[in-house]
Every structure is written in C-alpha cells, then in structure tokens.
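According to TrEMBL:
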- 1-26: signal peptide (SIGNAL)
- 293-315: transmembrane segment (TRANSMEM)
- 358-382: transmembrane segment (TRANSMEM)
- 394-414: transmembrane segment (TRANSMEM)
- 435-455: transmembrane segment (TRANSMEM)
- 467-491: transmembrane segment (TRANSMEM)
- 517-543: transmembrane segment (TRANSMEM)
- 549-572: transmembrane segment (TRANSMEM)
- 584-608: transmembrane segment (TRANSMEM)
- 628-654: transmembrane segment (TRANSMEM)
Amino acid sequence: MEYFAQFGMWVTLILFLTFQIQPNYGFYLPGSYPHKYVVTDELWVKVNSLTSIDTEMPFSYYSLPFCKPEGGIKDSAENLGELLMGDRIENSPYRFKMHTNESEIYLCRVESLSGDQFKILKERIDEMYQVNLILDNLPAIRFTQKEGYFMRWTGYPVGVKIEDAYYVFNHLKFNVLVHKYEETNVARVMGTGDGAEMIPVGKEDSSEKPGYMVVGFEVIPCSIMHNADMAKNLKMYDKYPSSIRCDPATVAMPIKEGQPLVFSYEVTFEESDIKWPSRWDAYLKMEGAKVHWFSILNSLMVITFLAGIVLVIFLRTVRRDLTRYEELDKEAQAQMNEELSGWKLVVGDVFRAPSNPALLCVMVGDGVQILGMSVVTILFAALGFMSPASRGTLITGMLFFYMILGIAAGYVSVRLWRTIAFGDQKGWVSIAWKAACFFPGISFLILTTLNFLLWGSHSTGAIPFSLFVILILLWFCISVPLTLVGGYFGAKAPHIEYPVRTNQIPREIPQQKYPSWLLVLGAGTLPFGTLFIELFFIMSSIWMGRVYYVFGFLFVVLILLVLVCAEVSLVLTYMHLCVEDWKWWWKSFFASGSVALYIFLYSINYLVFDLKSLSGPVSATLYLGYSLFMVLAIMLSTGTIGFLSSFWFIHYLFSSVKLD
C-alpha cells in the first residue's frame, strides 16, 4: 500500500506540473465549448508566430513593423505544448463588434521604415512568411482559386514580390461567419482561453439581445496605396477619409526605405448554417481518403504474407520436427542430433548472453516507453481528446504519457537484465538510471544543439531558458524517479527462467554465404512498406503547415506496423537459427528497427524533392536534426517489438524440446 500511495503522489505532481503551468488550461481543452457573444460585444483578434515552409523558423508577429495594440503587447495563456511548438500567441489591435459590419477602419500609421525594418520586411516576403491570426480559437483561413479549384490556406502572406518591387498587404478584409446561439437546458460553467463565464438557463427573454457563436474566420489580404498625409491626425479605429476598394488581384503599396506605411481593415459578419461542432471541418477536411485505405490494404497484404510464413514455420517445420524428435528414444535422439542441422544444434548456445547486454536492456526498456506513449497518445487523439482545436495538447499529452510510462521502462529493462544475468540483482539501479537517461539524454543533446541555432536566428521556435528549466525538472523530478520505481519492481519480480541450459564453451558459427547483417538491414523494407504512405501525410503536416487529423487511420497503421515488425523479426530469427547462427539478440532488435534507416533516407528524399524551397543551411540542419530525433524514437520502439517477439518465440520453441 505504501508503494501505491507514493505512486499516487507522483501522478498528482505530474498532473500539476504538466497541465497547470498555465492555470487557464487546467482540466480544459481550448475550443471544446462554445462562447456566446451578443450583438455589439467586442471580439479581439490574436496573432500567432509568423511561419514559412521555406525556412521552418517561426518569428514573432511584432518582429515586423505592424500596428501594436493601444494597451501594449500581452502574451496569451500558453501551455507546455504550445511553447515547444514555437507558438507565441499575442494580442493584436484588430477589434470587431459582434454582428456589426464596419469598413474603412484606420488602424495605424507606421513612421518611415528604417533600413533594418526595410531589410527584414523584404527578407520575410522573399521567404514567403505567413501571418497567422486567431479569432475565438479559429485560425484565419484564406481561399484562393486556381484553374477552377478552390484552395484553402491558413493565414495570409506578409507581402509579394513582383519583378524587383516588394508590396506589402496593408489592408485586411475579414469575413466572420456566425451561427445563432442555441440555448441548452442544463446550466454549465463554460471555460474559454481567457477565463470562464456562467451561461444562465431558462426561457430566453424576448428583450434580450440574440447571442451568436463564431463558426468561421476568413481573411482577404489587399495591398492599398494609402495617403500617408491624410492619416497623420487619425486615431486608431477612426473612419478613413477616403473609400477603400479591396481587390486581391492587384497590388498597389510598394515598400521603400524611409517611406511610412498605413494599415487599415474592414469586417463583415455573415450568418451561416454551420453548426458550432462543425466549425473546424474547413480545416480538418480529409483529402485522399482512398490513399489512406490503399495504405491499410497494402499493409494487410504484407501482414498476410508474413503470417503465412510464420504459420508454415510453426505448423509444418517446428511442430513436425518436434513430433519426430519426441517419438524417438534417447539413443535415437543422440544419433539424430549428430545427423540433424539447424536450430536444434544451437540449443546450448541460444540463450548465451549477448554482447553489451546492459545497452540492449536499456534500449528495450526505452522502446517500451516510447511505444506505449505512441499507442496511448494516438488512441486519445483518435477519440478526439487532442484535436488541433486544442493547441499544444498533443505535445503536452505525449510528454505526460512518456513520463508516466517511465515505470514500464524501468521494469522491463531491469527484469530483462536479471533474466540475462540468471536472476542476479546486482547492478539493477545502474540499469534503471541508464534507462531513465539514455533516450532523454540523446534527445536533450539534439534539441539543445538545434535550440542554439534558433536562438542565433532570433526565432520564436527557440525554447526559452525558463522552459528548459521546467523540462529538466520534469525529467529528473518525475521521469527518473518513476523509472527507478519501475526498476525496483523489476528487481523484485521473478526473472524469466531459460528452458534449456547454456554450454560453457560457445559453439562455432559456420561461415555464411552472405553477411547476416545484410539480411537484417533488408528486413526493414517490409515495415517501411506498411507506413510510407501515411508517413508522407505526417511529413506534410509537420513541414508544409498542413493540419493532420486522420488519427484513426494512423492508429490502424500503427497496429499493423507492430504486427509486421513482430513477424519480420520472428521469421528472420528463425532463419538465423536454421543456419546455426545463435547470435540472435541484437539481430532481432535491428531486423525490425532497421525500418528507421529507411525512414531517414525517405526524410532526405522529402527534403530534396518536396522541400525544394527550403532555404539556408540553418533550415536544412533543423530539418535533419528533428528527423534524426524522430528516427531514433522509431528505431527504439520498432526494435523493441522485434526483440520481444523473437524472445517469446525462442523461449516457446526451446521449451518444447525435451532434454536431460
């Protein structure tokens, strides 16, 4: 009972630190509840970091000479996941009044552009940076038409370059879609990112103003040639003295050093039939569903093929040989052993300890932790608990589940260590410590190196020093203790007994016709074939700024990947044993873990052919660094699947052999 009480205290601490770093986000998923606005209520637009698929480095909105709010720049509430993703949500001067159309609203006049401002503005236009606006938790969406097809984009470009001239979009035309608020018959407290409000219940008073919910937020950027002299005496939100005609097909505001800029906007409200629960459909509309189904069917074909091979091994080869072997008397068995070849001859060496056993135990433990985190996170995301409407919750959830599953990492690594050591508990603390620090340590080294590059570029993607401290505290105050607790239970649990004895002198492995590692590396092509289609959509969502929300398909693909990895490693292990190669431990791990090599090669291919516009060595280094981090996690998780399935297979196989 004492252990359970300690475990409960740790879980409470994890929940507090992970989800209560920003109090407004505690036990609340942003975007989960509708916010009711009555006519003339003020709505304020927020701004997120400027992003570009050319550099993959976000920058602060106010790093450019844009209009600042009258009350000063203020950061909105952010959770841990948002900070890690480089989101910097701040207030903006754009103000609307619910269901009140306004036009020709003067925003501000930026005095003459300095040389540095002019230079950085040109750079952001050249690098195709997008301005990301948010209203009631909805990102601004922009529709364009090309060759008869409507395309949708989140945000709008800073400007455009035509020939040698740079034009900035200094007038925004907003269209806010609203739906009439439907009163519920149950009182509830509804939270928002800005606080909480009580929605009263009862019959709506006829004199009460109708309430509306925001169900869409569209923006059309325009480049307008304003008269800077006319705007000298205007105040923010004043009516601009001349008419403004927003035509997105033409540009008229070139930027020049020493020239002032004038910003303005207009807003229209449109009642829509879109229900509030469906307002994210425009962002999450799934395209290429047939491709996802093709990926799943392709995986099923690979699994069926491998399952047939496994059944042949079990039912025809192994069972037949065991039956023949057990029907003979001892003298005949001894004579048969001299004549037989294959896996039966390595019975005295198959459980011989591998080279670097501590490293293998640590990698398997970390693989269990990463695999468990992936399964649970994707399952929760598929059930809708971590939708894109709740910014940052996916990353926050991954961190939370990873820390909790430190118990599993410690337990598996220590118990495997004791099994290899024939039950000896010596050194279990060291194994648990290594399991707690191996993958996080490598990840911390990679991310710190990349963070220095982001710091040097003044990007908002750089993790603040305070967040570094928080991550280190989460690592050493929560993850490491939980891993040690798991290691303690692994040391107390009975180790797995080997079904056969190991000879003192190792058997010589016959010379092979081809290098065994060549077959191990080639085995990764089958698991890669089950996920490469889904991998394209994941890479596009990460690097091309697209929203990924087909977690249901991803969960199915993950389950299929687990099955393929297990089958591939099992078949390859049996093939090695048949040629009297008893060194199966590491080969079974890398047989399925080698899929990470092909994913890394695919990442390089994606960089060369799909991210052609990725500019600068810093951007390419960031891409390769994050790809390396992802590949390491995949190698540990898939390798663990292969090793554990092979260990179970060999234990089952040789436990069926009756020996004195």
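Cβ coordinates are placed from backbone N, Cα and C, and glycine is handled just like the others.
In this chain, the transmembrane segment (549-572) touches the transmembrane segment (293-315); three or more CB pairs sit within less than 8 A of each other, excluding pairs fewer than 6 residues apart. Between the transmembrane segment (467-491) and the transmembrane segment (435-455), the number of CB pairs under 8 angstroms, six or more residues apart, is three or more, so the stretches are in contact. With pairs at least 6 apart in sequence, the transmembrane segment (628-654) and the transmembrane segment (435-455) have 3 or more Cβ pairs within the 8 Å limit; the two touch. Long-range contacts of the transmembrane segment (517-543) within its own chain (CB-CB distance under 8 A, at least 6 residues past either end) are made by residues 53, 56, 288, 291-292, 294-295, 298-299, 302-303, 306, 550, 553-554, 557, 560-561, 564-565, 568-569, 572, 575, 587, 590-599, 602-603, 606, 610-611, 623, 638. Note on the transmembrane segment (584-608): residues 350, 354-355, 360, 363-364, 516-517, 520-525, 527-528, 531-532, 535-536, 539, 543, 564-566, 568-569, 572-573, 576-577, 614, 620, 623-624, 627-628, 630-632, 634-636, 638-643, 645-647, 650 of its chain, located 6 or more positions outside it, place their CB under 8 angstroms from a CB of the stretch.
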